[in-house]
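**Student:** Right, I'll just put the structure down here and ask away after.
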Amino acid sequence: MSGAVLLCLFFSINVGNIQWDLRYIPILLAFLYGGKRAGWGVAAIAVVGRIGQGGDLFLLGVVLIVLTALFYALCVNRFYMLPPRWSRIRYASLLVILPATIQTFGTLYLINYENHLSESWVAGWLYIVFLVVTVVLVTYLFETLLEKERIVAELVATEKDFTKGELAASIAHEVRNPLTVVKGFVQLLSEDKQHAEYHKLILSELDRAESIIYEFLNTTRPQTNATFHLNETAREVVALLTPYAQERSIQLTIGTCEQAIVNGNENKVKQALMNFVKNGIEASNEGDTVTIQLDRLKDRAQIEINDNGVGMSRQQLKQLGTAYFTTKESGNGIGTMVSIRIVEMMNGMVTFKSKPGKGTKVVLSLPIEKENE
């Protein structure tokens, strides 16, 4: 994108003092598909290129590039929450129209072409239309390529899940049998009071091993989907975990939105929500509040879980969701991995934001069932 923005600047069409170019397209695409860091990098290169060009209106051009980059940085998060392809294409088109319109007609007003004012305005409108058409075509290409990558990734994941499911079921069966036998004999020996503590420890570890097997199997079992009300599910989770929070002097609050009906496995969604909320409770300090906020963004439902706990470093965030990684004194990290997988199997998405000592935000995004809107 850095090279593209320079090409757009130096291979522009100049009519009098007006420079017609496509500089905003590489900047926009860098923000949308590369993130804020890439977007600001491309914008900085565009500023350097515009200064190098000089001209009577170079200062205005620099200011417009900076303001446009700031505008894109503020709007880019919304783009990530939109479903792929057409919703994103429409949003990208709107993002390019505003700065292009301000630049085009603002420049025309400042220059005030008295002799060819009507022709300049026509040229301005044609320029904006050309920008929008170009953005639509380029964004469509990006979205098509990303969609193909997603399809290939899903096919590979499905094949892996099938193989993993068969292997997991076989391993679980073979491991559970000796565990059951050992557990039975330990329970018989528990009458020996002399070693009662040892018996409790053994039983506890056997229960933990069985729990790990159960959680691992959950990642491979196919889902039975049905429509359900996400607000009600979230309220049930809060009701179930309120006593657990009160034991630790933690307050749970929930804010719901207009009714959001989603299609999926309600029990598994409840399991995922309980895991994330429980993690927030366990990471919080006495007297803290854990908030659960539901919002509806067009055709997606969003659940935010915020805590003011210990937080996580950037390195810990990268490892989050991998098996056997946990920031807690006890636990194995499989619960978080399973919860993320549950949401992803519903075409949803889980994102984490956290800083050490400043708490953690977990955002779940799920598609809303269109037939029931």
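Each Cβ is built from the backbone N, Cα and C atoms, and glycine gets one as well.
Annotations per Swiss-Prot:
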| type | residues | note |
| --- | --- | --- |
| DOMAIN | 170-370 | domain 'Histidine kinase' |
| MOD_RES | His173 | phosphohistidine |
| TRANSMEM | 27-47 | transmembrane segment |
| TRANSMEM | 57-77 | transmembrane segment |
| TRANSMEM | 91-111 | transmembrane segment |
| TRANSMEM | 122-142 | transmembrane segment |
**Student:** Please report, as numbers and ranges, the same-chain residues at least 6 past the borders of the transmembrane segment (57-77) whose CB is under 8 Å from any CB of it.
**Tutor:** 17, 19, 23-24, 27-28, 31-32, 35-36, 39-40, 43, 46-47, 50-51, 95, 98-99, 102-103, 106-107, 110
**Student:** Restricting to the domain 'Histidine kinase' (170-370), report the mean pLDDT as a whole number.
**Tutor:** 79
